[in-house]
Every structure is written in structure tokens, then in C-alpha cells.
Amino acid sequence: MAPSSVVVTIEKPNNLSVVQINAATAGDDSPLLPADKQKAASPKQFTFSILLKIYRAFSCISWLAVGSNSLFKSIKKRVSQSEASADEVEEQDMEPRSRGKLYNFIKAFLAISIGALVVEVVAHYKKWNLNLVQPPWEVQGLVQWSYMAWLSFRLDYIAPTVMMLSQFCIVLFLIQSLDRLVLCLGCFWIKFKKLKPQINGDDYDVEDPSSFPMVLVQIPMCNEREVYATSIGAACQLDWPRDRLLIQVLDDSDDPNLQLMINEEVHSWRQKGINIIYRHRLIRTGYKAGNLKSAMGCDYVQDYEFVAILDADFQPNPDFLKLTIPHFKGKPEVGLVQARWSFVNKDENLLSRLQNVNLCFHFEVEQQVNGMFLNFFGFNGTAGVWRIKALEDSGGWLERTTVEDMDIAVRAHLNGWKFVYLNDVKVLCELPESYEAYKKQQHRWHSGPMQLFRLCLPAILKSKISMWKKANLIFLFFLLRKLILPFYSFTLFCIILPLTMFIPEAELPLWVICYVPIFMSFLNILPSPKSFPFLVPYLLFENTMSVTKFNAMVSGLFQLGSSYEWVVTKKTGRSSESDLLALAERESKLAPAAAGEEKATMLRRHSESGLELLSKLKEVEAEVAGAPKKKKNRLYKKELGLAFLLLTAAARSLLSAHGVHFYFLLFQGLSFLVVGLDLIGEQVS
């Protein structure tokens, strides 16, 4: 060893604890540091640390006070404004008993949960053994004896039943998650291989209009006051030879003034050379299906080969027909070409953003994968072109369900017709901006498929399609995606999960309530990457909507009264207003220009009467309606009941320090509370 070197020996102390380290850093006496090396805290530092802690405490208290105050004010406002109008009272009186049964079940479950929470709080502070039943001689008092008897009964009888039900729901949850994963892998494969539907043959000869097939465009509407002008204008600007195109405006409105305005709008376009007619039914039977069936019964329909269906709020680009109809060319087996929806108000509020996530996954993944690999998917009811022969071979439009679009698609599939989905062709439309409108829409979308499943099951079993297609229709298309999904999401996350907080023997594993749902939400949000900040709200909102979907599924499956309800989704007409403003700006800029330069734009409307029609509409509304009717936000009892149920379960999980279970129940309960108070979506006064 060199003489100038110094040997340093470091001994590792044994049994070093975190408490000792913290004590040393805090300035307390510690064996880690010699007494002369310890530095005492100065009075100024001590005072500053105390003041900092006091400041943090007051900040937290003030934040909680402000948040609680605003929440209670919102609750008070909603409760004070929840008196139903005469129409709402009449609607509630006509409400089917089936909905009341679910609400009564939630109320009873909530009452039992609150009682159980009180007992658990008493047991917690009395320090009774929550896990081990004590011998009878150690039990003091009748209350403790009753609690111990409940623990024994719960362990022997209730816990096994709850565990069996939870395991059944978990299996369904995993099967449905696997289905979603397979769909996503199919979508990735389509993107990787750049697979797209191909067009056979050459394009139609522009110089020879007779080479274009005869196309019928149908616009069914009912009391669509806000959007009728935009939809008619969009259809009239479709780029197709005028003598090969006929537009039917199928009006089921019951307002005479609105009928007059729609008829005038049609007349104004007819004067410009557009082949368009107005049809109005005196008796509105069969809703949309009856409207379409009546229109297809006209004698002149037999001269047309294809029919394009556009709902009243849909605004196709001028090249819509030129992008869709060529896919029928050289493919006599193709009966439907479906385009994708695009939403003009997807960023309007939180509700529209969450709907956009759901529908982007539906079109980007479900429809595209099923169309590419199975040549079958559910018709979306609009933004699609049908071969009229396929409609006739499948029996035409039937009025037996509220999902006439899915009905005709299933029957056409059973008759061997193939479908083509075009993910690149997008049609603008509107999303419901209020929770009330969205809830009614979802009830119809989830009750109709179950009603249709009961009606179509014998036809599916007797059809001549392959066994694989039969299995896909029954188990994947209907049971898994229409029945199992709302069943397990409501039962598992809204009933079993809060129940297991009071029955800890049947507690759900962490991966069921956290890891797998977050991963599946991540997959659902991939088609709309701009919505990644809304991953957690999307997960909570989907669980919140499960009560509506479950109720609708049960009503459709057992043919209860609410499954036959058809409520037209309320439109705001935002796209119409913005289009008219854009029209005014464009007309002011192009006034000095030559009148011959006419372009087809996203407005799809070159009527100089657009602004006049809007002002006229407002004048008629003022004359007929008189004083405007004040709209009020509503309270949703089932959502509020589940909110208090989940918050009660969260309080119980806090006693047991469940961690993730507590946070999930807390935020899910708050999500139900926000929806139940109608604080999501469009706010009305």
C-alpha cells in the first residue's frame, strides 16, 4: 500500500428504519448523527413551517368549502326547477310500470346500504372484530351478538351467492373485452394492409348523362324545424344529372305552419330546376318505417335503381352519390353502401365529446371490420344507399320495431345480400347536446335490437346462410353486443361492486375494476386520439349510461311498453345557423362578382332565400307560440339513487381502507350525481 493512501472503512448500520431516518432529518435526537453534528432548527424556521402548514390547511378547507357550496347551490337550483310541466306530468303518468320497478329496486338497495353503513360505522368505532366471529362468552350486548350472527350468516350464505354472480359477470366481461380486442386487431390489420373497398369498371361518362343510374333520394323528417332547410338544400346540391335524380321530402310533421314552410322550401328549389317533391302523410303510423314504406309505394319508384336515405340533420357533400353508387357497379350481390357519420358539434360540450368517442369507435372499428371481413353490419338508418331490388327482396320496410334500419339489414343479410362500408366518405350531422335527448335516443337504440332479436330468431335459424353467419348474427351481433354488454356493465359495476363493500368476502379483484376497464377505454378512444384527455370521464360516463341501456334492453327483451316508444331526437340547428351566416358572408363578398360562378361548398345550399326563410320561421314562431315556453333542467331519479348508493358504498370502503375501490366508487358516484342533476350537456334555464 502506498504511504500517502488513506484507508476509509464504511460500516453499514443494521436495522436501519425509516422512522430513524425521518427523525434524523427532522432534527430530533438520532443515533445516526453525533450530538455535536446535529443542527437545531432556528425559531424563524420553526415559525415559518408552522405558518406554512396552517396556510395549507386553510387553503384545503377553503377549496372544500367553495366546491361544496357550488355543488349544493347546483343541487338546490336543480331541485327548485324540477317541477314538471303539464306535458312532463302527463308523460310521467303514462310511464310504464317497468321503469318504476327498477327505480324501486334501487331505492330499496339504497335504504339497505345506508342501514348497513350505520351498523358498520358503529362496529368500527366499537372495535368489534370484523373478520373473526368471537366466542359467545366474549360478546357483550344484544347489538354485538346480532352483528356477529350477521357475520356468520353472511359468510355462509350470502357471500357464496354474490361470488357466483360476480364470477359469472366477470366471465361475460372478459368475453366482451376479447371481442373488442379482436375488432381492434382487425382494424389495425386494415390500416396496416391499407385495405379498402374497390370499384369495378370505369367511372360514369360525364358527357353521357344516360350512363348514370336512376337515383331516388329520400329525406324523412318529423317536426324538424331547426334543420329541414339545411337537409333539403344539401340534397338539392348533390352532383348528379338532374334528369336521373329525384328527391322526396317525406314530412310527418304535425304542425301546419311547419308543413307550410317545408312545402315552400321544396317549391323554391323546384323553381330552380331541381326534381323534388313534397309528401305528407295525414296519419303517422309506423313512424319512420311507415313513412319510408309509404314513399316506396309510389308508382314512379319502379323507374329507379337505387335509393339514398338522408335524415333531416344530415348534410352530404355534393360528391356523395359519385363516391357511393360506383361501388354497386359490376357487383350485383351488393345491396347496401354505407357512409360514415361526421359531427358538426362534437366539441360543443362534454356530452358531445363523449358521444364522439363512442361513435368514432363504432364507425372506425366495428362497421369497418365487419364490412371488410364479413360483408355485413347494421345499417345506420341514414347516410346510406340501398339497391331497391335488395329492399324489395327482403320484404321492404316493416313497422314492427323502432329499429327499422337494423331490421331491414338483418333480413337482407339472410337473403344473401352483401354490404359495403366506406370509412372515407363522411356525412355531416348533429349529436344530441342535452342529456334528455341523448337518453331517449339510447333507450330506442338498445330496446329495439332486443325486440328485433325475438322476432328474427326463428328466421335466422331457418335461413339458408352458413352456420358461421348464423352464429355471428346470434352470438356476436345480438347477444354479445346488444344484450351482454349492458347487462354486465350495470350488474357488475353498479350493483355487485357496491354490494361487495358490505360483503368483503366477495370483493372484486383490482384488475376487474381498474386495469381491464382502463385498457378497454383506451382501445375505444384510439379512433379519436384528440379525446385522450377524456379517458377517465369516458369510462365513468359509460358506466353511468349502463342504467339506461340495461333498462332499455330489458324492456325490449320482454316486450314491455317502453320498447315501442319513438321520440324524435331533438336538434339544435347549430349547423343550420352557421351555414346561413356563412352564406350571408359569401353573398356579401361575391355580390360584385359575376353571377355565373356558382360553386358547391360545404353549405350545399345556393338559395338566396335562406336568410329570408330563417327570419320568416322566427316570425311564425312568435305569432303561433306567443310567449316562449320556459325550459327546465330535469332530475333523473334512477341516476340520483345510484349516485347515493355508490357514495354510501364508498364510505363503507373507506372504513376498510380499500384504496382503489374507494376512489372508483367515489368518482363513479359523483359521475352519477352530475348526470342525475342534469349538469352534463346543454344547460337550459
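Any Cβ shown, glycine's included, is placed from N, Cα and C.
What TrEMBL lists as transmembrane segment is 102-125 (among others). Sequence-remote contacts of a segment are chain residues at least 6 beyond its ends whose Cβ falls under 8 Å from one of its Cβ atoms, and for the transmembrane segment (102-125) they are 143, 147, 150, 495, 498, 502, 547, 551, 554, 637-638, 641-642, 644-645, 648-649, 651-652, 655.
According to TrEMBL, the feature transmembrane segment maps to 157-175 (among others). With a cut-off of 8 Å between Cβ atoms, the residues of this chain six or more beyond the transmembrane segment (157-175) that come close are 480, 484, 487-488, 491-492, 496, 499-500, 503, 505-506, 508, 512, 516.
Annotated domain 'Glycosyltransferase 2-like' per TrEMBL: 307-500, in sequence order.
For 473-502 (among others), the entry in TrEMBL reads transmembrane segment. Proximity of distant same-chain residues to the transmembrane segment (473-502), defined by a Cβ-Cβ separation under 8 Å and at least 6 residues beyond the stretch ends, is recorded for 109, 113, 116-117, 120, 162, 165-166, 169-170, 172-173, 175-176, 179, 378, 410, 413, 446, 449-450, 453, 457, 460, 508, 512-513, 542-543, 546-547, 549-550, 552-553, 557, 642, 645-646, 648-650, 652-653, 656, 658, 661, 664-665, 668.
The feature transmembrane segment is assigned by TrEMBL to 508-526 (among others). Within its own chain, the transmembrane segment (508-526) has Cβ neighbours under 8 Å at 166, 170, 173-174, 177, 180-181, 184, 357-358, 361, 492-493, 496-497, 500, 532, 534-535, 538-539, 542, 660-661, 664, counting only residues six or more beyond its boundaries.
If you look up TrEMBL, you'll see 639-655 (among others) marked as transmembrane segment.
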Please work out the mean pLDDT for the residues of the domain 'Glycosyltransferase 2-like' (307-500).
-> 95
